[in-house]
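J.: Take this structure, written in structure tokens, and hold onto it; I'll ask about it next.
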Amino acid sequence: MDTIYTHTSHPSMFLPNGYVKNGPTDPPAHGHISRPTVAVLGSGDFSKCLTIRLLRCGFHVVVGSRQPKRAAEFFPHVVDVTHHEDAVGKAAVVFLAIRREHYSVLWDLKHLLDGKILVDVSNNRRVNQYPESNAEYLASLLPDSTVVKGFNVISAWAMQSGPKDASRQPCWDSCYTYSKVYICSNSVEGRQQIMELTRQLNFIPVDMGALSSSREIENMPLRLFPDWKGPVLAAVALSIFFFVYSFIRDIIHPYVKSNQSDFYKIPIEMVNRTLPTVAITLLALVYLAGQLAAVHQLYYGTKYRRFPHWLEGWLQSRKQLGLLSFFLGCVHVLYSLCLPMRRSERYLLLNMAYQQFHANVENSWNEEEVWRVEMYVSFGIMSLGLLSLLAITSLPSVNSALNWREFSFIQSTLGYIALLIATFHALLFGWKKAFEEDAYRFYLPPNFVVALALPVCVILGKVFLLTPCVGRRLHRIKRGAESSQYQESVGAAAHVSPERVTVM
């Protein structure tokens with residue numbers, strides 16, 4: 001277990017105004033105020049970008065390198081590039097921009113690093129590569145130094161480049177706020193000083209507590225879209241299912257029954273039939289999770305009972321599922337616009353015109369078909385427009401500008417309306433095919449019938465939850481009411497005074 005200590009003998013301490021006060025116990029009136037000096041050990045890309053960032057924000061920087069003459073060519077001329085020993089002796093805060101494999105060079109500097117704050121910015125090549133984190137290993141090598149883990153989630157490019165948005169407030173010269181920095185250390189004082197330095201660099205510090213959190217911090221930049229794995233796998237699985245389903249009905253069946261080769265439809269037409277079915281299914285899954293959560297609360301009569309692990313993960317993946325649905329819907333629109341451009345479509349159009357000419361048909365206008373196509377295209381456009389609004393409001397910059405009622409109205413109310421309109425779009429597309437015998441190839445229903453099964457169930461489930469008897473009870477539960485059955489299972493805690501109970 002980590003030991004957290006609050007007092008160290010640091011020779012200097014950062015102030016909120018960007019300066020440093022020599023002597024942490026001196027009163028402000030007598031403390032000597034000067035520009036802070038920070039040491040950076042290492043001359044790689046991250047070290048260069050970190051040095052530039054520190055210079056922009058008004059810090060004096062001294063860089064320690066094994067080959068200072070060679071490394072000085074890649075740093076600004078105002079930076080003092082020297083040997084490791086000289087760099088460590090000139091600063092109270094030392095950034096270690098070196099890999100774990102090179103920590104051995106610090107052993108000769110151990111006597112110079114005593115009492116100094118060491119900021120470890122290293123990362124590993126894979127998750128949980130070593131039994132202990134780099135910061136914990138460094139702390140075991142240098143027990144008399146204060147080891148702080150931080151800045152490892154910031155890339156070298158993000159360190160040196162600022163946003164183009166002029167509305168962001170600069171610090172000194174051209175320093176900007178746009179990234180979070182996760183910081184942890186066993187020393188409260190050292191952690192607070194590095195957090196203050198982080199603010200002066202115009203990053204957002206996040207206190208992660210003791211040094212035992214460094215393993216989690218080091219794993220953060222190594223993970224590849226951890227929140228997207230489940231939704232992407234679900235989208236891929238649904239895509240494979242609907243594609244194979246369409247392939248059997250629309251390609252294999254004509255080939256088996258009448259020896260008709262329609263394999264040319266695979267690249268565009270088959271893909272375009274798969275995209276909308278997967279998109280509407282993913283959109284239905286977004287709101288099905290919330291309905292299952294509501295049923296869970298109704299069944300147990302309380303909102304304080306924890307959801308099952310699978311449902312909790314599903315609820316946390318709704319944003320990703322919705323964005324994937326929006327993406328597939330946009331791709332479906334592009335594929336649909338390309339359908340008339342195909343050579344096969346032109347041949348089919350010529351064949352229809354030739355057959356109509358020989359049949360002596362002067363006018364092939366079908367009022368019902370015209371209205372059907374006009375309506376389902378219109379509903380498709382409206383559905384995609386609402387999905388675009390949902391996708392835009394999921395952006396953090398837009399989300400932060402909305403209050404909870406506005407966000408809930410857009411994501412919940414308008415989301416259900418988008419699902420309803422998309423369902424009408426699919427129904428108008430299929431029209432009477434669900435009742436035609438020829439549409440059931442190999443006794444399999446049409447694609448749109450299978451795709452509409454889940455959205456229709458979700459819409460009916462929403463109607464059920466909106467009924468007065470169910471809706472009122474669910475509203476009371478969400479406001480904190482509990483059924484007598486759940487209160488009895490709580491036991492003696494239900495009889496404790498409310499002032500004595502802490503709800504975590």
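Cβ coordinates are placed from backbone N, Cα and C, and glycine is handled just like the others.
As annotated by TrEMBL, domain 'Pyrroline-5-carboxylate reductase catalytic N-terminal' applies to 37-124. Per TrEMBL, transmembrane segment is recorded for 230-248, 278-300, 321-342, 375-395, 407-428, 448-470. The domain 'Ferric oxidoreductase' annotation in TrEMBL covers 277-421.
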J.: Mind checking which residues of the chain, 6+ beyond the ends of the transmembrane segment (375-395), have their Cβ under 8 Å from one of its Cβ atoms?
T.: 283, 319, 322-323, 325-326, 329-330, 333, 402, 407, 410-411, 414-415, 417-418, 421-422, 424-425, 428-429
J.: For the domain 'Pyrroline-5-carboxylate reductase catalytic N-terminal' (37-124), what's the model's average pLDDT?
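T.: The predicted confidence over the domain 'Pyrroline-5-carboxylate reductase catalytic N-terminal' (37-124), as a mean pLDDT, is 92.
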J.: With Cβ-Cβ distances below 8 Å as the criterion, list the same-chain residues six or more beyond the ends of the transmembrane segment (407-428) that contact it, or say none.
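T.: Sequence-distant neighbours of the transmembrane segment (407-428): 276, 279-280, 283-284, 286-287, 290, 322, 372, 375-376, 379-380, 382-383, 386-387, 389-390, 393-394, 399, 448, 451-452, 455-456, 458-459, 462.
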